[in-house]
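Here's what Swiss-Prot has on this protein:
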- Arg67, Leu105, Glu164: substrate binding site (BINDING)
Amino acid sequence: MRDRWLKRAVGARHYRPWLTERGSLTRRLQQHSRQFAVQPLHLARKKPPLAEAQLLQVLPRQHTLQRDVILRCDGEAVVFAHSLLPQQAMRGTWRGLGRLGSHSLGSALFADPRMCRGALQYKKLSPQHFLYRLAVAHIPAMRGPIWARRSVFRLGRKAVLVSELFLPSVLKLPLINK
């Protein structure tokens, strides 16, 4: 089964401003909360699914570091984030990305002016999608389809794939800090 993602956030309506933001999601969430937090859920070496391996330009049998976190604003879960970092990318400038703990990956990526972000891709995930299943294992209250986006960040030949699932609670966030 092919995992088709869209080049535009067609049909996303209320989620579109969140999905299409090309800047740091961490910074944007901080503007909408008094207390922003990263809740680490899972960190492990794994073989990536075929679609993700293709985006990262690695063989599906090559191990990647998989990191899953929940981004929280004032205690409320608003985004489930899933990132994959090929083993060979964890050297040099990005060697610390595997040890972020409760620190934001976005802050680390956007701190380097040499970093290039690839095109954003969008998808309304059904409960059958593997990313949805990853998220619902940690957020059992999730119901119905969830909008997500993904993109590849590159620094030279190194790449990291970041997928973000926007929970309905993100739509209720007030603007607190400009």
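Every residue, even glycine, has its Cβ placed from backbone N, Cα and C.
Because the structure is a prediction, the values reported are computed rather than measured.
Mapped onto this structure are the features recorded in Swiss-Prot.
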{"residue": "Arg67", "record": "substrate binding site", "DSSP (3 states)": "strand"}
{"residue": "Leu105", "record": "substrate binding site", "DSSP (3 states)": "helix"}
{"residue": "Glu164", "record": "substrate binding site", "DSSP (3 states)": "strand"}
Express in Å, rounded to the nearest integer, the largest CA to CA distance found among the substrate-binding residues Arg67, Leu105, Glu164 named in the record.
12
Residues with Cβ closer than 8 Å to the Cβ of Glu164 (substrate binding site), same chain and 6+ apart in sequence?
Leu25, Val79, Phe80, Ala81, His82, Ala148, Arg149, Arg150
Around Arg67 (substrate binding site), how many other CB atoms lie within 10 A of its CB?
21
Give the sequence-ordered set of same-chain residues, not counting Arg67, Leu105, Glu164, with Cβ within 8 Å of the centre of the Cβ atoms defining the substrate site.
Asp68, Val69, Ala81, His82, Ser83, Gly106, Val162, Ser163
